[in-house]
Amino acid sequence: MEALIGALTIFVLAVFVGFEVITKVPPTLHTPLMSGSNAISGIAVVGAILCAGAEGTSLFATILGFLAVVLAMINIVGGFMVTDRMLQMFKRKKD
Amino acid sequence: MMLINLAYLIAAILFILGLKGLGSPRSAPRGNMLGAVGMLIAIIATLINKEVMSYTWIIAGIVVGSAIGAIMAKRVQMTQMPEMVALFNGFGGAASLLVALSEYSKVAGHYHNALVADAGMAAPQWSVALLLSAIIGAVTLTGSIVAWAKLQGYADKAMQLPNQSLLRAGLGLVLLVLCAWFVVKPEMGIVLYAIALVALLLGILLVIAIGGADMPVVIALLNSYSGLAAAATGFVLNNNGLIISGSLVGASGIILSKIMCKAMNRSLGAVLFGGAMVSDEQMANIPGKEFYEGKVKSCGAEEVAMLLENAQKVVIAPGYGLAVAQAQHVTQELADLLEKRGVEVKFAIHPVAGRMPGHMNVLLAEAEVPYDKLVEMDNINPEFSQTDVTIVLGANDVTNPAARDDKTSPIYGMPILEVDKSRTVIVIKRSLSPGFAGIPNQLFINDNSLMLFGDAKAVLQDLTRAVMEL
C-alpha cells in the first residue's frame with residue numbers, strides 16, 4: 001500500500017508538471033509536440049525489455065515481450081526522428 | 001537497482017527539459033535531442049537490470065523496431081503527419097497491452113509454481129494496474145487504427161451503427177463485470193484475455209462514430225491515452241520512470257484535445273458521444289444554392305494582382321484546401337514576391353486550419369515560410385481592420401462571420417479568423433461548396449469579398465505571374 005501511495009504521488013505531481021510545461025508550447029509547435037510525445041510514450045519499451053529478456057518464462061510471454069519491444073522502438077526512433085525533421089524546417093527559415 | 005532507478009529519474013528529467021525546449025522553435029531541436037538522450041539512458045539502464053537474462057529477443061526487437069521507425073520517419077510526407085501520429089498512438093497503446101499480457105503470463109507462471117511473486121500477485125492494486133494498462137492500451141490500439149483509416153479516407157464519414165450507444169453501454173458493462181471478476185480471482189488468465197478482447201472492440205466502437213472534422217480532437221485524445229497506458233504499465237512494474245513519462249504524455253494529449261475542442265466550439269463529450277456538428281433540425285433550415293444567388297462577385301487574377309500591388313499589408317488565411325492542392329510552395333513564392341515589392345505579408349493560422357494541432361504551421365514551414373510570419377488567431381484578429389487585402393486560401397467555416405454575428409447559425413460561437421474586417425477579401429476556392437459544417441458562408445456574399453474560382457495552385461501561379469508583369 002505504501003508503494004502504491006508513493007507511485008500515485010509521483011503520478012499526480014508529474015501530471016501537474018506536464019500541464020505546466022505543455023501549456024507553454026506555442027501552437028506553431030503542436031504537431032512536433034504530438035510526434036515528440038509519441039516518442040516519449042515509447043518508454044513502455046522498459047517494460048517490454050523486461051518481458052522479452054526474462055528467463056524461465058513461457059515462449060508466449062517472451063514473444064509478447066518481443067512484439068512490444070518492436071512497437072515501442074518504432075515509436076521511439078520514428079517519433080524522435082520525425083520530430084527532428086520537422087523542427088529543422090522551423091529552424092532553417094530563421095537565417 | 002538503486003543506480004538503475006537513478007537512471008530512470010535522469011531520463012524523466014531529460015524528458016521534462018525536452019518538452020520545455022519545445023517552448024520556442026529556436027530551442028526545440030535541442031529539446032528533442034535531450035528527450036532522445038533520456039530515452040537512450042532509460043533503455044541502457046533497463047538492459048543492465050539483472051532481471052534481464054537473455055538478449056536475443058530484445059536485440060532482435062530493437063533492431064527491427066528501430067529500422068521500421070527510421071524508414072517511416074524519413075519517408076512520411078508532411079501532409080501525412082496526422083496518419084503517422086495516429087499509427088504511433090496505436091503502437092504505443094499496443095506496446096502497453098502486450099507488456100501487460102506478457103507480465104501477467106510471467107508472474108502467473110511463477111504463481112502456479114508456488115513462488116510468490118514479488119509483484120504481489122494477490123495484491124488488488126497490482127491487478128487493477130494490470131487491467132488499466134491492458135484496457136487503455138487496447139482501446140488506444142483499435143481506436144487509433146480506426147482514426148488512421150478515417151484519415152486515409154477509408155471510412156471518412158461518421159458511421160452510425162444501429163443501437164450504437166446501447167452497444168457501447170453494454171460492452172462497457174461487460175468490461176466492468178469481467179474486471180471485477182479478475183480482481184477477485186487474478187489467477188483466471190482467461191478473464192484477462194477476454195477483457196483485452198472486449199476493450200479492443202470498445203476502441204473500434206468509440207471512434208467509428210466520429211466524423212472526419214473531429215479527427216484532430218480524437219488524435220490528440222488517443223495521444224493522451226497512449227501516455228496513460230504507459231503510466232499504468234509503470235504502476236504494474238512499479239517503475240517511476242514509466243509513470244512520469246506516461247503522465248507527461250497524458251497531460252499533453254489532454255491539453256491539445258481541449259484546445260482543439262475550443263477552436264471548433266465543441267465539447268469533448270459531444271465529440272465522443274455523438275452528435276454531428278449540425279443537428280437535423282438546424283440542417284433543415286440551412287439555405288441551399290439560393291443563398292448565393294446573384295450576390296457573389298467573382299474576379300480574375302489580373303484584378304487581384306492590381307489590388308495586391310497597391311496594398312501595404314496583406315494577410316493570407318490558409319486552410320487544409322491549400323495542402324490538398326499542394327499549393328504551399330507557390331503561396332510562399334507569392335508572399336516573397338509581394339515582400340520584395342514592399343508589401344507586409346502575414347499568415348493567419350486558425351487552430352484547426354490543418355488536420356491536427358499545429359499541422360498548417362508544419363506545412364508552411366516545409367514551404368520555407370519563416371515561422372515569425374505565422375500568426376495565431378488571437379493575435380492576428382485585431383490586425384485585420386488595418387489589412388488592405390486578405391487572401392482566403394482553401395479555408396471555409398473558420399472564416400464564416402455567421403459564427404460571430406448570427407445567433408441562429410449552427411456554428412455560432414466558434415472562434416473565427418475575422419477576415420471580413422479587412423478592406424478587401426479575396427477568396428480562392430474551386431466552387432461555392434460548403435465546408436465540414438455543411439453551411440453556406442456569409443463571407444462569400446459580403447460587399448468587400450471577391451471570389452477567385454479555381455484550383456488553388458493554378459490560381460496562385462496565375463496570380464504570381466500577374467504580379468510580376470505589373
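Note that Cβ sites are derived from N, Cα and C of the backbone, with glycine treated the same way.
Note that TrEMBL annotation is computational and uncurated.
The feature domain 'NADP transhydrogenase beta-like' is assigned by TrEMBL to B:5-465. TrEMBL lists B:6-23, B:30-48, B:54-73, B:85-105, B:125-146, B:166-184, B:190-210, B:217-236, B:242-261 with the feature transmembrane segment.
Outside the transmembrane segment (B:125-146) by six or more residues, the chain places 86-87, 89-90, 92-101, 103-104, 119, 155, 175, 179, 182-183, 186, 192, 195-196, 199-204, 206-208, 218, 222, 225-226, 228-229, 232-233, 235-236 with a CB less than 8 A from a CB of the stretch. Note: the stretches the transmembrane segment (B:217-236) and the transmembrane segment (B:30-48) are not in contact (fewer than 3 CB pairs below 8 A, sequence gap of 6 or more). B:6-23 is the stretch from B:6-23, B:85-105, B:166-184, B:190-210, B:242-261 with the greatest number of Cβ pairs below 8 Å to the transmembrane segment (B:30-48). The stretches the transmembrane segment (B:6-23) and the transmembrane segment (B:242-261) are in mutual contact, each linked to the other by at least three Cβ pairs under 8 Å (pairs 6 or more apart in sequence).
Distant neighbours of the transmembrane segment (B:85-105): 119, 130, 133-134, 136-145, 147-148, 151, 189, 192-193, 196, 219, 222-223, 225-227, 229-230, 232-233, 236-237, 356; these residues of the same chain sit at least 6 beyond its ends, with a Cβ under 8 Å from one of its Cβ atoms.
Tertiary neighbourhood of the transmembrane segment (B:190-210): same-chain residues 97, 101, 104, 130-131, 134-135, 138-147, 150, 155, 158-161, 164, 167-168, 171-172, 174-175, 178-179, 181-182, 218, 222, 271-272, 274, selected by CB-CB distance under 8 Å and a gap of 6+ residues from either end.
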